[in-house]
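Below is one structure, written out as structure tokens, with a few remarks after it.
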Amino acid sequence: MNVHTIICLIHAISGWILFQCIPACTTSETDTFKTTVVPNEFIVQFHFKYFPTVRESYIRTKLLSSNLSNWRILPRNNLASQFPSDFDILRVLDKENSSVEQIVKKVASHPSVKAVVPQRSVQRTLAWALNGTQSRQTLGIVRKEDKRSRRVSSVLHANVLWNLGITGKGVKVAIFDTGLSKNHPHFRTVKERTNWTNEKSLDDKVSHGTFVAGVIASSKECLGLAPDAELYIFKVFTNSQVSYTSWFLDAFNYAIHRKVNILNLSIGGPDFMDSPFVEKVLELSANNVIMVSSAGNDGPLYGTLNNPGDQSDVIGVGGIQFDDKIAKFSSRGMTTWELPLGYGRLGLDIVTYGSQVEGSDVRTGCRRLSGTSVSSPVVAGVAALLISGAFHRMELINPASLKQVIIEGAEKLPTYNMFEQGQGKLSLLKSMQSLLSYRPKISLVPPLLDYTSNYMWPYSSQPLYFGSSVAIVNVTILNGISVTSRVVGTPKWIPDVEHNGHFLKISTRYSPTLWPWTGWMAVYIAVNKDGEGYEGVAKGKISLIIESLRDKSNETVSSEVIFPLTIKVTQKPPRNKRILWDQYHSLRYPPRYIPRDDLKVKSDPLDWRADHIHTNFKDMYTYLRNVGYYIDVLREPYTCFNASDYGTLLIVDPEKEFDDAEVHILREHVHKDGLSVVIFADWYNTTVMKKIKFFDENTRQWWIPDTGGANIPALNDLLQPFGIAFGDFVGEAHFKLGDHSMYYASGTTIVKFPANPNDIVVGASLNDQGQSIITGSKSSKKEPKKVVPILGLFQTNSSNEGNNDADTISIDDPKHKGRFLRPKLDFAMNAHKSSLLQNLNRMSEFRKVADKPLPLRISSNSSKPAVTDRSARLLHCEQLDWLSPTLSKTNHHVEEQPTVEWVASELERAEQQNNQIKQILDAAIMKSSQDAEYLMGSQADISLGTSMMFIFCLSCFVIVLFVLFVKRRFIL
């Protein structure tokens, strides 16, 4: 999202305040899917699967006993209805809110009912492009024909496997999309077409489903990867691109019944809290269905991974171009499930071709699409080839083991970090090699943590030091041995004393049970007191024992997993180089209705993602690091950090309330400890908020945002001790501040500010964007602009050194953002006022403006308690249990790990064949590497030749112009 924010910087020597609206990113977000709640419809989830009559009896018993009759169970006339199911769709006929709540509460109280959640619909947006004049965009975008585009089957060298008779035969691939026309000439083996929508036709009227199927299994014209794969077509989107959670749930249940091997899901969205959907994906994995899903098209912004591609049991796929550059549209990690109190997972597993990929058209012929919905079927097709080439090892193939061989075969792309490329670029042949020699095992993603590798950004961007906040790395555990396992005992920390590992202290948290096939381990890393003066690299490893249960033999297997650590350590930086980022007051996920920061974004009003320095504020983080600042992340209340360690506290776009104790302690930190504070926030206007309200059919209430772009009333409470306040004017305009061109987007203004002789207030002429929204007028730019205060510098009267800053400038250009932020931090840290800000001071003018009433918290808001309920918030400081170091493996007992013995008669008989295939793959991989090197050399030669030709032509052009000038000047 485009985040246009406010800076409020508070420091305590004399005190200044400086307000600046700064965007976290310069790109706009693509709204691919829009989710809404269906009026008065609920999904009733059961703990187990029952036939319809049993499920109905459970619901009827509860409701009729309370004389509740205004309801009915909606019939589901599809193929899944003949089998037991674990959910029903309940429609409440009475629209009164009290009746709806009573019915839902009664049904949920039945012991067999797991949960009652709203039914959701999803609208997928497709934008077409023909001959470059249109653009179709779902998780797929159609673009103009480009002869440089290539078929993925050719680029991935699928013909090597085809020549060995490996063509996907016998592998069941389910495609959840818009359907497929009957008797399409490109497909050999369409086993079944099913319709889960409310339309009658099974045909694909949109062509997206046809294209996806073609990438996987087309056998003519535009060749797919696995032309003999058995296709199971699930039409889950209507021709108008509408679907429902219940349609997916029924289709998922049927896919489990059909025992499909692979399920491609070229969809995604930010709603990782749609529990029925998420839990059904877990059930699919538990039933050995390998799900492949697109990562999303919300790049290049970080923290934009879509669900279910960001689930650890799913293979999440990003997109690259044919020149091996990450596609701009491809969503990046990290996951945001864990924010604000933790840190995200890697989330993205693999990247492959997703730009200008060729696939089947709706009737016949070929077309090209771009998007991660294109990359996803590439991986699904590769998975089908892998399985068909290892049928004799089918007992070893499961969602974890296949993910393991795919990421182990991946090739790292230079210059890209792990949040951009996951484990690297997909390699069909290397993954085939890996699968043919695979033995069941447990592995970690990422497999290690190395601060010295640029691939490991952001860890590589800042070393640890004594007193810094803990670094967190979330590790996904993949268990290729069994669907269920558990962690035995406590992980061991084994420092490498020869490489200064004793300077580190380690804590871990983990999932006691791993299911299905996966689990997690959070590793907390800090430097201990002994490492205070050390600068260099510290190494060690964490040992984890996992006990797996093999289903067929009912035997347990213990495996030791090692997570190596290589940590850069530096000496403690001076206070004026240390910044503390407040993550604690950002929301993890919208509890009900949190609007976007930029009011120009109309397509999706919800702000789905938490702010973080490594996601939407990555550019700012990079700038601050480049100019020498160290940034720690605060995941606790203000009562939990030592203010004397930091020069500045950054409070960025806060949505939560500040506790009374936090308001008090911050004042103490500023006046007594000399702490500076920088606050980034956005617009807030209760009338505007009421204007953008919407009617929630679930609760039968009008929903008004919990807050604006930022919680201004809460910020005003925080700043009240300093005599500073923001107003409810919502401004927008392009303007100049000195020589810097800037854009102010949906920002607020200063309405209360100290008038000390050395204070600074800067203003700008802005459009009244709030008024245009309230009146519904589109002509706000035609109205006269208002000159309002947008930036201030304030210095407190304190014997200790400190400054207060606040500003409200919005800057679209990251260069300007950095250029404008640095003087404020210099002022905050060192009490240095730039000449630019002093020259723009309009304090005397704004001092005459009458005080305005401060914005109040919005009333009659059903979602208010979700943000402001202080009793529900974490008010204690985090306590970590540090692991006692184990100096060597001999000092702790690790039971002898039994070899994972499998019934391998067929494996032994096929070993000779495997070796022959491996030799062929080795030769093919070597040849493809040589071809790639030659191509790169050729491209370099072409590039050099093109450059020389351009210079020659330019020189000729300049000479001609010079001759004409001379002729005109002197001859005429």
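Backbone N, Cα and C atoms are what each Cβ position is placed from, and that goes for glycine too.
Annotation comment: TrEMBL describes 1-27 as signal peptide.
According to TrEMBL, the domain 'Membrane-bound transcription factor site-1 protease-like N-terminal' annotation covers 37-120. Confidence across the domain 'Membrane-bound transcription factor site-1 protease-like N-terminal' (37-120), taken as the mean pLDDT and rounded to a whole number, stands at 91.
Summarising the annotation, TrEMBL assigns domain 'Peptidase S8/S53' to 168-424.
Per TrEMBL, active site, charge relay system is recorded for D177 (among others). Around the Cβ of D177 (active site, charge relay system), the number of neighbouring Cβ atoms within 10 Å comes to 26.
Per TrEMBL, active site, charge relay system is recorded for H208 (among others).
As annotated by TrEMBL, active site, charge relay system applies to S373 (among others).
TrEMBL lists 445-571 with the feature domain 'MBTPS1 third'.
Here TrEMBL flags 573-799 as domain 'MBTPS1 fourth'.
Look at TrEMBL and you will find 900-927 tagged as coiled coil.
Positions annotated as transmembrane segment by TrEMBL: 944-966.
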Short question: most Cβ pairs under 8 Å with the domain 'Peptidase S8/S53' (168-424), which of 37-120, 445-571, 573-799?
445-571
Taking 10 A as the limit, how many CB atoms besides its own sit near the CB of H208 (active site, charge relay system)?
29
Inter-residue Cα distance where the pair is D177 (active site, charge relay system) and H208 (active site, charge relay system), in Å:
7
Is it possible to list how many residues within the domain 'MBTPS1 third' (445-571) are helical, extended or coil according to DSSP?
15 helix, 73 strand, 39 coil
How do the residues of the domain 'Membrane-bound transcription factor site-1 protease-like N-terminal' (37-120) split into helix, strand and coil according to DSSP?
29 helix, 33 strand, 22 coil
If you measure D177 (active site, charge relay system) to S373 (active site, charge relay system) at Cα, how many Å is it?
10
